[in-house]
Amino acid sequence: MASGRDERPPWRLGRLLLLMCLLLLGSSARAAHIKKAEATTTTTSAGAEAAEGQFDRYYHEEELESALREAAAAGLPGLARLFSIGRSVEGRPLWVLRLTAGLGSLIPEGDAGPDAAGPDAAGPLLPGRPQVKLVGNMHGDETVSRQVLIYLARELAAGYRRGDPRLVRLLNTTDVYLLPSLNPDGFERAREGDCGFGDGGPSGASGRDNSRGRDLNRSFPDQFSTGEPPALDEVPEVRALIEWIRRNKFVLSGNLHGGSVVASYPFDDSPEHKATGIYSKTSDDEVFKYLAKAYASNHPIMKTGEPHCPGDEDETFKDGITNGAHWYDVEGGMQDYNYVWANCFEITLELSCCKYPPASQLRQEWENNRESLITLIEKVHIGVKGFVKDSITGSGLENATISVAGINHNITTGRFGDFYRLLVPGTYNLTVVLTGYMPLTVTNVVVKEGPATEVDFSLRPTVTSVIPDTTEAVSTASTVAIPNILSGTSSSYQPIQPKDFHHHHFPDMEIFLRRFANEYPNITRLYSLGKSVESRELYVMEISDNPGVHEPGEPEFKYIGNMHGNEVVGRELLLNLIEYLCKNFGTDPEVTDLVHNTRIHLMPSMNPDGYEKSQEGDSISVIGRNNSNNFDLNRNFPDQFVQITDPTQPETIAVMSWMKSYPFVLSANLHGGSLVVNYPFDDDEQGLATYSKSPDDAVFQQIALSYSKENSQMFQGRPCKNMYPNEYFPHGITNGASWYNVPGGMQDWNYLQTNCFEVTIELGCVKYPLEKELPNFWEQNRRSLIQFMKQVHQGVRGFVLDATDGRGILNATISVAEINHPVTTYKTGDYWRLLVPGTYKITASARGYNPVTKNVTVKSEGAIQVNFTLVRSSTDSNNESKKGKGASSSTNDASDPTTKEFETLIKDLSAENGLESLMLRSSSNLALALYRYHSYKDLSEFLRGLVMNYPHITNLTNLGQSTEYRHIWSLEISNKPNVSEPEEPKIRFVAGIHGNAPVGTELLLALAEFLCLNYKKNPAVTQLVDRTRIVIVPSLNPDGRERAQEKDCTSKIGQTNARGKDLDTDFTNNASQPETKAIIENLIQKQDFSLSVALDGGSMLVTYPYDKPVQTVENKETLKHLASLYANNHPSMHMGQPSCPNKSDENIPGGVMRGAEWHSHLGSMKDYSVTYGHCPEITVYTSCCYFPSAARLPSLWADNKRSLLSMLVEVHKGVHGFVKDKTGKPISKAVIVLNEGIKVQTKEGGYFHVLLAPGVHNIIAIADGYQQQHSQVFVHHDAASSVVIVFDTDNRIFGLPRELVVTVSGATMSALILTACIIWCICSIKSNRHKDGFHRLRQHHDEYEDEIRMMSTGSKKSLLSHEFQDETDTEEETLYSSKH
């Protein structure tokens, strides 16, 4: 390792000259013990079987590639892959030969060329195979390693072919990479026979260094470095190697050198940088000693520990190994870089005393090192290995951290969740940690000598796991370990500083941003929020270890610069910050930790138009301050105290939409004109310059101080003495309104309308300083910028979960007692709440749940993680009493593995960028559908062609005919298009209701082809087609389409049908047009759809029902949710700025609007669909131009593809259920009423499905002959809620219980019968009097005579002369009669 590591001290040069003399006298004059060792070396190795010619010369550049190809050819097909990881200074390829079994089935034939340095050049990684690399010829004049690795390649390949059990086992289980020459330029300068420094000239002349005179083994980032490493442009070989290491998960490595015979191990240097004698121990010192001994003990000379190299005859190494720094200090070495910044354990191997021995010695050198090299590769299988997987999906988890108790060195899992942790025999406790998952520890893992112990970890996602002890009032909170995030850099390593200091006008800034996005694609994503008034892009650079994705549990941060166009320092600082973060990621621990644990968004310029009008050197003017419409953007936001009457500007709209779309936690708005950090509130109710305190005043002061205290000039508090001599800000911070009143400011809007805490930072007294002053601004602010970002990891963080299914709850509220400022959870239930140290009572609540309160203590460093698990509210638990015995219940049937797999797919596709992965895995060959517009004839042929080519998943039907007798085609795509499957949701896509807007027609044809092309090729598309009934009606108005004219953006020709009727006004119960009747009768009324998407043209937005003017909109929340979903998946629609030529100032918040608010009219298709078809329908306006040129179709498809696919995913959410009676019999045509408004009917088989916005919804189920059922259901944003409703037979009569009705009826009948009996009895008694009494029966003439007599008598006494006849017979009456 001696000269392989460093130039020797001057007093050793004489000894090296002596070595030269010995070579001239003859190479046979060797030490006696070396000769003896050589004599006893086995000569029957497989290396001797190779052709004699392979040892007779060194392979120079023109032969190296051929030699490696020949080595690869010695094995079986599919065993080897040759590729280059980059080029040297002089353009020579840095060849790598990969050897492992099974490559043939995974990669195309042929090898990658010398320029194929990307991650795909080597072919895909293989799960379960640890990666080992051996690197040779790092110093160009140390050549034995170059040759030995070529011989090793031949040995491994040939041994595998001949069936050597050891080598077959090795290549079946290990992924081996051999890099024979890292410094091919130096090798070409070196001279055979030069064992030291040649003629005593500089090392560059000898070939040691690269072509720019850089020692590659002093050019890596170093943890103990006192200076900057060489710029990577100076050492392209090092840059290539670093990038190669980053792209892979190497486990074990050997760095092969020359100049001694010893195995050295980390660390190579120490903080003291003493030349020699300092043992710099790693946390894995025992492992490194084990690996070094494994090599040395199999080397006949190395194992003696006495190499007896000329000039260092007395140098000895116990067991043939040494600690690098103990031997001598090497700063910037490769082996330390591998250990500190990668997963890789690397040792350095000095193979021979002579650096460039004569070729005649090559055979002996190979024999000396063969067994050691193979043994070292085999040692990758010691320790512990296994997989880390998601407990729900079973998929491997990448970048999970594996820690071993008592060893302060972690590794991370590979792409498949696989890990390999090298350990010496012993008993260990292993812990796995990954953001978004519950940590897991396995104790008492026993590692024995020999093969690794296998330990697999199954991590429970925090967003899908039920946390126990939900009723506990006090949380057992744990601090999340985020290394180095809150403490500064943990070592003396000096990060790379930016070098690009000049004023970037818009074209320069655009090039700068694109360059870094291209150079660092693994950690950057460049995107635009929209456009300024003058159509300049509002760029944002995202920097994250997983760009484009919100990682659950990871906070999001933003900086915004150049809001006032003439305040330019913030713009340049953010460009510097981008360069700083990109160049130091992976080398600087502080930057690496920050990027790993934070999603960072940097917006260099919010006002690019104003910047272009500004003038360098400006200190106090307002030229360029405002945007191109002359509005101050920092007075343009809605304000809590003042009504802002100025029109909202495009830049403001774009930024507000952006802030609503991401879960930002912390932000700063960078300004100029003073030197201070000001915090909310910026104004007050009276409009006075007075302290306007926010509820989080203490938090704002803390985060403001975190910036100012790192800027010494700012912290002094007297910023601009010449301009404002009386201005003083204690510690460089101030309340905004206390300084001066600013209504309509951005920082207040952030705090009040989002979860984000924002401050405004004034960066200097001069608004537009001279270019030469920019380096000073960076130096003054660089530490402040980093420290402020770290504040995003303060306070409390965690998840709010549903106790029923463990899912995260969206929009749950986190409130802190005595601080009147709640925050809400993001999609996966994660939240972040900035707080100063102290003890707090924190409550999590959500609609439909019982709140939970916990006491939490916040410390000064690190965020406290506190998870809340909420139980559904008592309205759910009390449903039994409301519903009786036939209660409905929410279920998630996971018994079917395919159902569970599909549910997981829907959740994955619903995640941020989930649809991106679907599209990336899909075929993009859609030229047939998008190179031109389709006439009616072409469209018909195209649809027939799809059916002919994909008959098993397509069915073409004719819904009816147009006025001019053209067919209105309907294409169904599903796995069983001719079979009724009522349990599957149905979605329809319709287009062309206005014939002059045919873009929608072409998009639907492209969608149909996309689905067919990818069926059985893309798993996600296949499952969506298998489980969805997709109906596509591409042209509702074929007659109008035939009359429309291409490239006419405003013409109304073709808008109506052949009779001049706008079909979107004819959807009524008395529809008059044949096209309308066909759609109503054969599409809307006959088929049960869950969702409908109509495509139109003339603007860029989505409208939802109703188009008719109505006072209230039933189910508005769901309808708007569906419209927003489409708009949010469109790259520009959600920005709300269609920028159509005839309406350039049109502002549509979120790109979504109720139809009547945009263009009110009666008889629309969407209104009819909702009212009579019970199907929600949205209308998408795809472009401002009605009929753009065909050349725009590919870009329009690209813009709408994700949104269209999002509808296919969304149709599987909401509520789906099954209605049955107590015997299990399905009940069809039952009415399901949701939220007392929406009504759907159950289909055949009792199934129903309805889309609903996420949240809690009430359900009423009604069926004839059954009791009404009531329930509640919680709808998630990424999954359907499944409901089973069981009906009881309705025993009620006239709305009353049967028992009551029977009782009352019986009582009533009894009363009626009793009454009848009484009446009958009375009548019977009267009848009996006539039968039993004694009296004279009168005749008719007697009665008549009596009447005459009575009427004619003149005396009353005459009446008494006749007896009164009575039927009674009482004694009293008899006496009365006798008396007279």
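Positions of Cβ are set from backbone N, Cα and C atoms, glycine also.
With His564, Glu567 listed by Swiss-Prot as binding Zn(2+) 2, the candidate from His502, His503, His504, His671 annotated for that site turns out to be His671.
Here the candidates are Ser962, Ser1139, Ser1358, and Swiss-Prot annotates Ser1358 as phosphoserine. Listed by Swiss-Prot as binding Zn(2+) 1 are His139, Glu142; the candidate from His60, His257 that the record includes in that site is His257. In Swiss-Prot, the annotation S-palmitoyl cysteine falls on Cys1321, out of Cys21, Cys1321. Here the CA atom of Asn626 (N-linked glycosylation site) lies 62 Å from the CA atom of Asn978 (N-linked glycosylation site). For the recorded positions given as Ser270, Asn399, Asn410, Asn522, Asn978, the lowest number of other CB atoms within 10 Å of the residue's CB is seen at Asn978. Taking Cβ-Cβ distances under 8 Å and a sequence separation of 6 or more, the neighbours of Tyr265 (phosphotyrosine) in its chain are Thr282, Asp285, Phe288, Lys289, Leu291, Ala292, Ile321, Thr322, Asn323, Gly324, Gln335, Ile347, Thr348. Ranked by CA distance from Asn217 (N-linked glycosylation site), the glycosylation sites Asn410, Asn429, Asn626, Asn811, Asn855 have Asn410 at the top as the closest.
The Cβ neighbour count for Asn1070 (N-linked glycosylation site), using a 10 Å radius and every protein chain shown, is 6. Closest to Asn811 (N-linked glycosylation site) by Cα-Cα distance, out of the glycosylation sites Asn399, Asn429, Asn626, is Asn399. Cα of Ser270 (phosphoserine) to Cα of Asn429 (N-linked glycosylation site): a distance of 29 Å.
The glycosylation sites shown are Asn399, Asn955, Asn1070; of these, the one with its CA atom nearest the CA of Asn855 (N-linked glycosylation site) is Asn399. In three-state terms derived from DSSP, Asn429 (N-linked glycosylation site) belongs to an extended strand segment. On a Cα basis, Asn955 (N-linked glycosylation site) lies 60 Å away from Asn429 (N-linked glycosylation site). Considering other CB atoms within 10 Å as the measure, the emptiest surroundings among the glycosylation sites Asn217, Asn955 are those of Asn955.
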